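A.B. asks: Following this message is one structure expressed as structure tokens.
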Amino acid sequence: MVVLLGAHTVGVTHCSMIKKSRLYSYGGKAGATDPSMDPELASTYKTYVCPNTASSDNNIVFLDDRSSASKLDNSFYKMLQRRRGALMVDQNLYNDGSTRWMVDRLANTDHFRWLFPQALAKLGEVNVLTGTQGEVRRVCTKFN
């Protein structure tokens, strides 16, 4: 899973996905910011990308460094080491001691380059639901 989530190196999300969980209501506390997020990044998001207004909900948040956002590389893992994961699910890969070692390995070597295709091939062997048995989600966080 740690390797597969590396696909986020070329991904984006929207402010609506991080405003409540990480920037403005962490742990259900009004105004609280996730302490696992780099304070400088949180400040940048709050000031320029995701101000606490409904009009910013659809603003794009890159899941990797913008300079690397179109490359399939290991910079995503380096960002997690610096507490700069936008999504909580991503940052938790580094916060969790059971997966941190793998994030470190992927950040500090070129192993992601060959492990990612292997992980995708393995995922392709999973019994995929087809036809009316499954669905392709139009919005990844919601059932159709």
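Sequential numbering from 1, following the chain as shown.
Keep in mind that glycine also has a Cβ here, set from the backbone N, Cα and C atoms.
Caution: TrEMBL annotation is automatic and unverified by curators.
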A.B. asks: According to TrEMBL, C15 takes part in a disulfide bond; indicate which of C50, C140 is its partner.
C.D. replies: C50
A.B. asks: Let's see if you can do this one: DSSP helix, strand and coil counts over the domain 'Plant heme peroxidase family profile' (1-144), in that order.
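C.D. replies: With helix first, then strand, then coil, the domain 'Plant heme peroxidase family profile' (1-144) has 80 helix, 8 strand, 56 coil.
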A.B. asks: Write down the Cα-Cα distance for C15 (disulfide bond) and T9 (Ca(2+) binding site), rounded and given in Å.
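C.D. replies: It is 17 Å, counting Cα to Cα.
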A.B. asks: Hey, which of the binding-site residues D64, D73 is the loneliest by Cβ count within 10 Å?
C.D. replies: D73
